[in-house]
């Protein structure tokens, strides 16, 4: 005679519903879903490999990092003069913001070059990476950069002349910087380069508008 425990076990086994078995339609959908995921995975891997290649010596990414670092360095120099000697508090604040932001961006670009095992300077002429062929001017300067004489004038300026010169030179400088950011956005699809170039473009366009408002107010 079976025990109570055995009877309970038999009853539970006989009353439990059978697990549902997949139909042929369900199996077909599962197969299609798995296939789609595999194809997406292959596509993602291919895209990652394509953009994950290390930029070479003559790449647009390397050219941009090197040239924009130099371009930014001059902006930082001018911005520090504005921060130290500007008369308008808005000019001093803008100078501080530009110096802080662009110095940090120089750090990002120099770190890229280290990661790509490239030197901070290259053998190619400045701006030769630009897709539109815009190079340096007759003074060997990249778009928007001030001449050494203009930088000297800014350093030697006093009073409201500091504000006036800074606004004039930085508007021109930022316009050139936006042009360079546009150039690398056309030439590169590396996520880190695209993100930084877009951030540069957005920030500098905003600062151009602020500088023009200050220029109109001073005029």
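Placed from the backbone N, Cα and C atoms, the Cβ positions cover glycine too.
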Given the ranges 7-28, 29-50, which one is assigned the annotation transmembrane segment in TrEMBL?
29-50
Of 1-22, 67-88, which span is tagged region 'Disordered' by TrEMBL?
1-22
